[in-house]
Amino acid sequence: MTAQLLDGNALGQKLRAGFKQKAEELAAQGTRPGLAVILVGGDQASQVYVRNKVNACAQAGIHSEKYSYDDDVAPQVVLDKIAALNADPKIHGILVQLPLPKHFDADAVLEAIAPEKDVDGFRAENVGALVQGQACFIPCTPYGVMKFFEEAGVNLKGKEAVVVGRSNIVGKPMAMLLMHAGATVTVCHSQTRDLKGHCQRADILVAAIGKPKMITCDMIKPGAVVIDVGINRQPDGKLCGDVDFDSAKDVASFITPVPGGVGPMTITMLLANTLESAERFAST
Ligand code: GUN
């Protein structure tokens, strides 16, 4: 079997076409949606992600502001900027690119963002609302993955889903969304005993480990939907995911490529959350 490709560039473009119209409607009513992105340090991957987020805003008609700080900046400088952005009526979403340098208390920084501007959905209130199935900002990467299922017509009810990776950014919210959609969810990590056995039972397999090509085709149930959240740089400079794509594509029914799978969907859903936030501000 050769899997169908879940193309994040194509789905992202499709969704973003509607976003531009929405942004223009809001702007016409006096609320141009605005996103502030904060980048601390020189991590190359983060720089690329932030640039892509800012460019995506421009294409969708969303105002954006980028604030970059050196690795050794005092955390208070960033906290002061967040406080100013919390009070800035031009800004409806604030994103602090992770990871932060080691001398930062990342939780304290995230908690400094006003809950109504937490378009990443990482604050405790948002996470709590997500767990309870209440309205919230859904973290962008798992939100984008759910859009793939919707687009491909994958019914999650009663399915066995395995999420490999337990980060606050992806693994935990992903598990929650799959659970809300009616799947039976197992959360594993790279050290889980019999990881292979767990993966082999998965109708839906989400890999968010950060280890290049760790999920090999012998770990995949024939016909499974395979979502690869990993973005790893190989020694030759090329990107690869956490899944060994070349062998997995012959076993899976659907699979995301890297690059061009989940990555563009994360950015797409950041735009969606920023628009949603602007809409809420406009109606209050
Ligand atoms: N680093 C990796 N993924 C993300 C994300 O979705 N949001 C933020 N803020 N940082 C990240």
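Glycine residues also receive a Cβ, built from the backbone N, Cα and C atoms like all the rest.
Owing to the predicted nature of the structure, the values given are computational and were not obtained by experimental measurement.
Feature annotations, courtesy of TrEMBL:
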BINDING   GLY165, ARG166, SER167, ILE231  NADP(+) binding site
DOMAIN    6-120  domain 'Tetrahydrofolate dehydrogenase/cyclohydrolase catalytic'
DOMAIN    139-280  domain 'Tetrahydrofolate dehydrogenase/cyclohydrolase NAD(P)-binding'
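Listed in sequence order, ALA45, LEU239, GLY241, VAL258, PRO259, GLY263 are the same-chain residues six or more apart from ILE231 (NADP(+) binding site) with CB atoms under 8 A from its CB. Max Cα-Cα distance over the annotated NADP(+) binders (GLY165, ARG166, SER167, ILE231) is 16 Å. If you draw a 10 Å sphere around the CB of GLY165 (NADP(+) binding site), it holds 23 other CB atoms from the protein chains shown. Within 10 Å of the C-beta atom of SER167 (NADP(+) binding site) sit 17 other C-beta atoms, taking all shown protein chains into account. If you take the C-beta of ARG166 (NADP(+) binding site) and look for same-chain residues 6 or more apart in sequence within under 8 angstroms, you find LYS172, VAL187, HIS189.
For the domain 'Tetrahydrofolate dehydrogenase/cyclohydrolase catalytic' (6-120), the DSSP-based tally of helix, strand and coil residues reads 59 helix, 18 strand, 38 coil.
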